[in-house]
Each structure stands twice: as structure tokens, then as C-alpha cells.
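Asker: Okay, here's the structure, questions in a sec.
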Amino acid sequence: MKTKTDFLKMKEQGEPITMLTAYDYPSAKLAEEAEVDMILVGDSLGMVVLGYDSTVPVTVEDMIHHTKAVRRGAKETFIVTDMPFMSYHVSPQDTMVNARRIVQESGAHALKVEGAGEVISTIHYLTSAGIPVVAHLGLTPQSVGVLGGYKVQGKDAESAKKLIEDAKRCEEAGAIALVLECVPMQLAKFISKQLTIPTIGIGAGQKVDGQVLVYHDLISYGVNRVPKFVKQYTSVQEEIVRGISQYVTEVKTGQFPEEKHSFTMKEEECLALYGGKQ
């Protein structure tokens, strides 16, 4: 299993880091078989798995439950778990309780937190206690209400400068990596060169140290639309609907199940049961 030391070496050597979300045993198992470097159990599970309109309703219990399943499916892959909405915007003591629960009960190797500001002290607090933390800047889904929706961040010089400073502060606070979401590629490139820790982009262009996508977006599974920055590599949704539709048709028309899908009794047992008559 790769560790944070390996990820630092990958950045130094210019080897791109691959990260993918996973929310359950089968998706994690497939991600590991495909040799993904790092798995993110994102609070995006609220939308793509639980059917919420945003990540806000996701709880600590949700994150623990799903991360445990992911760990069972990907025992040899570094796993990062999101701290959900408001689980780290509380007192330092309560933040530590939530963080400890996620790590101890789920088996996550690192936690991810969004934003800067007061979150910088949280990063320092958690890393000082021995909990690896991945920072997340740019578009931070837990704060879309404050940001005015799902919009690209850092498009003007002033906001870009703030993101640069925030990125440096995240590294200084002890973050082991930084996710940059929906920021101009020029800005992402500049930030990546300023930091010694890896940057993982999602909608941040090519010149970052790695990429992350949502599992369901990548394979077109249960999603009606995807953001501009997503490339869909296959469409399992079409195959799934086709298969289920065929099943429904065959049950309705009596084509399924066939005899080969059924179990039988020996003739003498049938005679003993009902005299051979049906």
C-alpha cells in the first residue's frame, strides 16, 4: 500500500497520482484491482448514493459506515475519508471526538477537510494528534451556499492570491496533500509549484500532481448530468438498464426462469410427496 511518503516521492519524480471515490465494497474492490493510488470516501456519497440534493445531510455515522465497507474492499489502498458538514466546525474537543471515531471505527488512513480560515487551526490540531489530513480548497461543496453555487473559484487576481496563501497555510499546518477543485488551470499549476505536498485536481487542469473523479461520474452510473471537468470512460448505466429491462420482459413472458435455472427432486421423492400427481 502506498503511504504519504510515497505520494511525496511521486510528486518529486513527476509521477501523477490517481485518486477515485468509492463508497462501498464492490466499488472499492474494483478501484483497487484497477490499481488506483488512493481512494476517497467522499461525502459526495450523499448525492450519488443516498439521493440527497447536497452533501450537507451526510453524518459522521454515514462516513464511518461507508468507509468500513470500502476498507473491506480495498485492503491495500490508501483511503481518505471526508469529515462531513459541521463535524469539524465545532469545539476542538468535539472535532477530535469526530475525527477519532472516523479513523478508529472505519479504518481510514487520512481525513479530508474543506476550506481555510478557522479550518487551518483544525488541520494543525488534528495532524499534531497524529491524524493525517488532506486539505481541500477552491470549490468546497459543503460551502456552496456561501460560495453562490457550484462555480469556478479563483478566476480573478484577488481571489487567486487568497487561494495561494490559503494553500501555503494548509501545508504549513501539516496537511499531507491538497485537493484543488474547480480552479483555473493556471492557478492550479502555480499553487502546485509553490507547495511541497501533492496537489490533487478535480476540474483544475493537467498541471497538478494528481487527479480525482467521482466513481459514478467516471463510469456513468446513476448520474443524469456530469460537470464539464468529467470524462466518462464507459457507460455502465445503459448496460444495467438494458439488462434489467430484459429481465422484466422475460419474467412477464415466461421466458425466465428456464429449467436450467431450477432445482429438481428425484422421481421417487415426488411420488412419496404427492403420489406423482400435480
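Cβ from N, Cα, C; glycine included.
According to Swiss-Prot, the protein carries these features:
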type	residues	note
BINDING	ASP43, ASP82, GLU114	Mg(2+) binding site
BINDING	ASP43, SER44, ASP82, LYS112	3-methyl-2-oxobutanoate binding site
ACT_SITE	GLU181	active site, proton acceptor
Asker: Enter the number of other CB atoms within 10 angstroms of the CB of GLU114 (Mg(2+) binding site).
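Answerer: For GLU114 (Mg(2+) binding site), the 10 Å Cβ neighbour count is 22.
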Asker: Other than ASP43, SER44, ASP82, LYS112, which residues of the same chain sit close to 3-methyl-2-oxobutanoate? List them in sequence order, counting a residue when its Cβ is within 8 Å of the Cβ centroid of the site.
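Answerer: In sequence order, the nearby non-listed residues are LEU40, VAL41, GLY42, LEU45, THR55, VAL58, MET63, THR81, MET83, PRO84, PRO141.
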Asker: Please find, for ASP43, SER44, ASP82, LYS112 as listed binding 3-methyl-2-oxobutanoate, the greatest distance between any two Cα atoms, in Å.
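Answerer: With ASP43, SER44, ASP82, LYS112 as the binding residues for 3-methyl-2-oxobutanoate, the largest Cα distance is 12 Å.
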Asker: The residue listed as 'active site, proton acceptor' to GLU114 (Mg(2+) binding site): how many Å between their Cα atoms?
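Answerer: If we compare the Cα positions of the residue listed as 'active site, proton acceptor' and GLU114 (Mg(2+) binding site), the gap is 10 Å.
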Asker: From the Cα of ASP82 (Mg(2+) binding site) across to the Cα of SER44 (3-methyl-2-oxobutanoate binding site), what is the distance in angstrom?
Answerer: 9
